[in-house]
Amino acid sequence: MNCEHKPTPPLWVQKLLQYRLPTGLSEEVQGDLDELFDLWVEEMGVPKARWRYIRQALGFLRPLPERKDYYMPTRGNMPPPLLTTYSSINQIGMLRNYIRFAWRNLAGNKVFSAINILGLALGIATCLTVALLVIHEESYDSYHSKRERIFRVEGRNVREGHTYPGNYTGLVHALRNDIPEIEVVVPMYKRGGVTIQEPISGKLFKEPVVFAGNELFRTFDYTWIAGNPKTGLSQPNTIVVTRSQAEKIFGTTQVLGKILQYDSKHNLMIVGIVEDYPVTTSFPFDMLISFASISEIMPDFDLNKWNGWGDDFQIFALLKESVDPQQVSRHFPGIITKYMGKEAVAEKQFLLAPLHELHYTSSFSGHTANPTFLKTLFWIGIFVLCIACINFINLTTTQAIKRAKEIGVRKAVGSNRLALIYQFLIETALIAGIAILFAIPIVYGLLPLINSILGVRLSITDLFSWQTGTIVSCLFVATVLLAGAYPAFYLSAMAPIWALRSNNKTITNRGFTLRQGLVIAQFTVSLVLISCTLLIRQQLSFFQNADLGFNKNAILTVGLPDNSPAKLQLLRTRLLQSAQIKNVSFSFNSASAESNWMQMMEYRLKDTVVRIKTQMKMVDANYIDTYGIQLLKGEVFREGDTLPKVIANEIFLHRMGIQRPQDAIGQVAFYGDGQESVPIIGVVKDFHVNSLHQNIDPTLMMVVPKHFYQGSIKLQSEQLSSQSIKETLAYIEKIWTATFPNQLFEYKFLDDTLSQAYQNEIRTEQMIEVSTFLAIVIACLGLFGLTLFTTQSRIKEIGIRKVLGATVSSIVVLLSRDFVKLVAIALCIATPIAWYMMSQWLQSFAFKITIVWWVFVVAGGGILIITLITVSFQAIKAALTNPVKSLRTE
């Protein structure tokens, strides 16, 4: 064989052997392996020989031993011999030993081990559940491949300081023609509660729909099952449906070319079927109608309007690649000047909102996440985990006496502090690992409750993702460090002689002050959570019972498919034939509603023009009576009124500078850039036109029949039986069907609708309740463990006291009073913290409760009762123990 081309073993393996093995052993091993390598080359070829060489070489390496070469000192000029030693600790063997000892400790202290594992499992489960929720909320719209380039063009009223998701219809043309950096402009118009009919079967469906052009599929990701995505929504009178919608209506996805009817009038041909949208979408539409159809379906819809907007019409823009959003924003002032006039620049702005921000502001889905709420949950999860770690620290340090002799012996035979720390951290890691295994079924049990409270759809499969795996790993490391670091350093610091000689009291008193501080921290967190829960409940109760200035009970609201005067009069006449119906009114919206019509009004006082941002209520003559709104002065509207006139609330008068209601009668307000005028014929008492988060707006009521989109039906009695309500609803549905054939009857009770405005607060309160319960359970577990240890360590003292005549009650007081002191200290700390936190939270409400002192007393009393019950169980058990048996205990 030619030596120049002789195969050689991998060089990196040879260097590794030289580095990790002692000098003499390295040469011997390499020599033997080189000879074997030559034989393997002849038998199996070079590649296989090298693989076998690597396997055999790695077999000589120990994973953790530490090589130490040193020269032995000699006398004279003799060369010192090279010696090699290893660390005195066989790391692998010691690791097995640590795990074995940890398992024995778990088995030997079943009660304390169970408390530690269950407490940590609950804490980890809480954090993991919060993490799943945050991941879910953050993942909204992340499935769109072009999401980094998609923006919503929002409108901002500079004078009002408000930003709106909707925009002018005329802006679509301007964006397409005046901004070259935009690749695609996607207008979308949402209509809720549209009646869709399948003409062959006659089945009716009430569905939200969206009007959009074919640009939608160039910008957002849809998976097509059938149809042509390039031409899907390019033609008028066409519709694309999702798989589930096709199966719901037709029972199959083979529906291309079939017809659906919009409001039983307009035929729409199905030209495409797409896969269902993900749960985490801001565009939850099962029916997509071509934008070209909008002119035929809604002839009054202005496609080039620059004088008003609504949130249902939104514009999205796909920027060209590498385009900075700031480049696009620089064009907006020029567009405003060009299409709206130079004066409008000072009042109007256009903004670009990234797609990923929609879920935190407003979107078509109606489900938005509250960043403050998510941060609150995050910190609650951290606090609950900290409570569990505090339990572990307390119970581990109280067990010091049982570990003292073990630590002393280990140190006496040569173990160093680092090795002991390593041992205790491994024990903590074992407990944390077991706790994580128990936490997973706890999370599985919590998910249905969380889904019910928050209206989300989390599932156990969400646990099996790389994000969750990363979070579990971080929780594991954080738990080991939080729970294990102090006990490891505390126990490993014991001097061997001191540890072997010290008694129970000496050791346990070393960490007494720290344990007291940790218990106080537990009680403080629990008290803050309980206090916040009580105050949020008070605020929610205030919402439910506040005087809104109108009657919200026993009122049904229905959307009107047709607002022609003849139809509405016929519906009202038929409904009032029932003795159970007191009144019927038609209007733009309810007395208090989220969707409002805002108008800038003017009042001219001599040489001064007062501009008032006003909420307009388009109502009929029966509106004030139906809602029970109090008329202070003047008159109400009459049937058949045609001349423009308004009824104002008190705040509108105050903004005008008028103090007395009678002085406002006959005054004139102007609108439409001051070109139109309306006289004030009446004044009503202020009523809450918005939720209690906001102040009452200046409000004007006006009769405008073409803007009647809602019917309000006042029932005769607020205390109707369930049977009477069923009969009344059946009657209303019958009249509805007779008046509006081919239109589904859907209704809502007004009080239920109003309560939806406080869903964030309701969810916050419910989530804090769950977290408070978990925190109290974990704290009680730790308290139980501490009490058990205290009674065990003072068993002889209790026996002596009983011999000397102590009663059971006195012993219970003796064992309980230290914990009562800790609760009192925690209450002093928690009260200002909870007071500050809730004061900040209440700032978001225009109408709110006053924080009262007795809430914190109730919270403290609750924790005190729970503490006494937990402590007394063990205290009574110890007090009832036979003193003879107690005194014999070692």
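Every residue, even glycine, has its Cβ placed from backbone N, Cα and C.
These numbers come from a predicted model, not from an experiment.
Feature annotations, reproduced from TrEMBL:
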- 113-330: domain 'MacB-like periplasmic core' (DOMAIN)
- 380-495: domain 'ABC3 transporter permease C-terminal' (DOMAIN)
- 772-882: domain 'ABC3 transporter permease C-terminal' (DOMAIN)
- 111-135: transmembrane segment (TRANSMEM)
- 377-397: transmembrane segment (TRANSMEM)
- 418-444: transmembrane segment (TRANSMEM)
- 464-491: transmembrane segment (TRANSMEM)
- 512-536: transmembrane segment (TRANSMEM)
- 770-791: transmembrane segment (TRANSMEM)
- 822-839: transmembrane segment (TRANSMEM)
- 851-876: transmembrane segment (TRANSMEM)
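Taking pairs at least six residues apart, the transmembrane segment (822-839) and the transmembrane segment (512-536) share three or more Cβ pairs below 8 Å and count as touching. Long-range contacts of the transmembrane segment (770-791) within the same chain: residues 111-112, 115, 118-119, 122-123, 126, 377, 380-381, 383-384, 387-388, 390-391, 394-395, 398-399, 446, 449, 453, 515, 519, 522-523, 525-526, 529-530, 533, 798, 815, 819, 863, 866-867, 870-871, 873-875, 877-878, each at least 6 residues beyond the stretch ends and with a Cβ under 8 Å from a Cβ of the stretch. Away from its own ends, the transmembrane segment (377-397) comes close to residues 112, 115-116, 119-120, 122-124, 126-127, 129-131, 133-134, 428, 431, 475, 478-479, 482-484, 486-487, 490-491, 511, 514-515, 518-519, 521-522, 525-526, 529, 767-768, 771, 774-775, 778-779, 781-782, 785-786, 789 of its chain (Cβ-Cβ under 8 Å, at least six residues beyond either end). If you take every residue in the domain 'MacB-like periplasmic core' (113-330) and average the pLDDT, you get 89. Within the chain carrying the transmembrane segment (851-876), a Cβ under 8 angstroms from the stretch's Cβ atoms is held by residues 523, 526-527, 530-531, 534-535, 538, 776, 780, 783-784, 787-788, 790-791, 808, 811-812, 815-816, 819-820, 823-824, 826-827, 830-831, 834-835, 838-839, 842, all 6 or more beyond its ends.
Among residues of the same chain six or more beyond the transmembrane segment (464-491), those with a C-beta under 8 A of the stretch's C-beta atoms are 120, 123-124, 127-128, 131-132, 135, 385-386, 388-389, 392-393, 396-397, 400, 403, 407, 420-421, 424-425, 427-429, 431-433, 435-436, 510-511, 514. Residue counts for the domain 'ABC3 transporter permease C-terminal' (380-495) under DSSP (helix as H, G, I; strand as E, B; rest coil) come to 101 helix, 0 strand, 15 coil.
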